[in-house]
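Student: Can you read through this structure? Questions will come right after.
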Amino acid sequence: MQKNELRKHFLEKRKNISLSSLEQQSKMISDRFFNHFNLMEINYLHLFLPIQKQHEINTGFIIETIRQNYPHINLVIPKSHGQTYQLESYLFDTHTQIVENHYGIPEPIGALKCFDEQIDLILLPLVCFDKYGFRVGYGKGYYDRFLSHCRQDILKIGLSLFDPVDEIDDINHHDIKMDFCIMVDWIWQSELNHRFSRLS
């Protein structure tokens, strides 16, 4: 299937998840993240704040755990620019003011900017992904443009409510693969043959 078809199918599927189930699954994905990744050498972690009307994974569980248990990590969140389809990164602490833009995306106001080259790990939002590690977002290419400006060794981890599809038919050279994708029950990891292998 192509991106537009997959996007429509999985957005509808995601909206059918109850809020209580979404919270439960978000917590399980958060727990799996901390159980499988050593964050002691991570200094700057970029993550998204969920768009509530889109039933995105609640990253609040990850944010709370990092603030409690990993005080050395600087949290970073994006701000989008609709005219250029670019993301800018800003430091996110307990004093950061957050407002929703006209798309319902929570974004920082008056925060300190973070250079893209500083980021060690990014948690990626997605609608769905395939077994090659490619993701489908909302179709504007914000994150692929953003990742092209980051360090080559940045750790790219997707968060998904659904299993991967076999293949996205209309992948192009702008699409950037993830290194891992965390789901409720398992993690998929990119291998040398560009397939994903299942981790418990």
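Don't overthink the numbers, they just go from 1 along the chain as shown.
Any Cβ shown, glycine's included, is placed from N, Cα and C.
Unlike curated entries, TrEMBL annotations are predicted automatically.
Okay, so TrEMBL annotates it like this:
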BINDING   Lys3, Asn4, Glu5, Leu6, Arg7, Arg135, Val136, Gly137, Tyr138, Gly139, Lys140, Gly141, Tyr142, Tyr143  ATP binding site
BINDING   Leu49, Glu56  substrate binding site
Student: Cα distance, Glu56 (substrate binding site) to Glu5 (ATP binding site), nearest Å?
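Tutor: That comes out at 19 Å between the alpha carbons.
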Student: Have a look around Lys3 (ATP binding site) and count the other CB atoms within 10 A of its CB, chains all included.
Tutor: 20
Student: Just name the winner among Glu5, Glu56 (the binding-site residues) by count of other CB atoms within 10 A of its CB.
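Tutor: Top count of Cβ atoms within 10 Å goes to Glu56.
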Student: What are the non-local neighbours of Tyr138 (ATP binding site), defined as same-chain residues 6+ apart in sequence with CB under 8 A from its CB?
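Tutor: Listed in sequence order, they are Arg7, Val127.
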Student: Highest Cβ count within 10 Å among the binding-site residues Leu49, Val136: which residue is it?
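Tutor: Of the binding-site residues Leu49, Val136, the most buried by Cβ count within 10 Å is Val136.
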Student: Per DSSP, Val136 (ATP binding site) is which: helix, strand or coil?
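Tutor: Note: Val136 (ATP binding site) is in a strand by DSSP.
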Student: Counting every protein chain present, what is the number of Cβ atoms, excluding its own, within 10 Å of the Cβ of Arg7 (ATP binding site)?
Tutor: 17
Student: Check each residue in the chain of Lys140 (ATP binding site) that is at least six apart in sequence and keep those whose C-beta is under 8 Å from its C-beta; list them in sequence order.
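Tutor: The answer is Tyr85.
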Student: What is the Cβ neighbour count of Tyr142 (ATP binding site) at a 10 Å cut-off, with all protein chains included?
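Tutor: Excluding its own Cβ, the number within 10 Å is 19.
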Student: Cα distance, Lys3 (ATP binding site) to Leu49 (substrate binding site), nearest Å?
Tutor: 23
Student: Distance check, please: Cα of Val136 (ATP binding site) against Cα of Glu56 (substrate binding site), rounded to an integer number of angstrom.
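Tutor: On Cα coordinates alone, these residues lie 14 Å apart.
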Student: Measuring Cα to Cα, tell me the gap between Tyr142 (ATP binding site) and Glu56 (substrate binding site) in whole angstrom.
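Tutor: Rounded to the nearest whole number, the Cα-Cα distance is 17 Å.
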Student: Rounded to a whole angstrom, what is the largest C-alpha distance between any two of the residues Lys3, Asn4, Glu5, Leu6, Arg7, Arg135, Val136, Gly137, Tyr138, Gly139, Lys140, Gly141, Tyr142, Tyr143 that the record assigns to ATP?
Tutor: 20
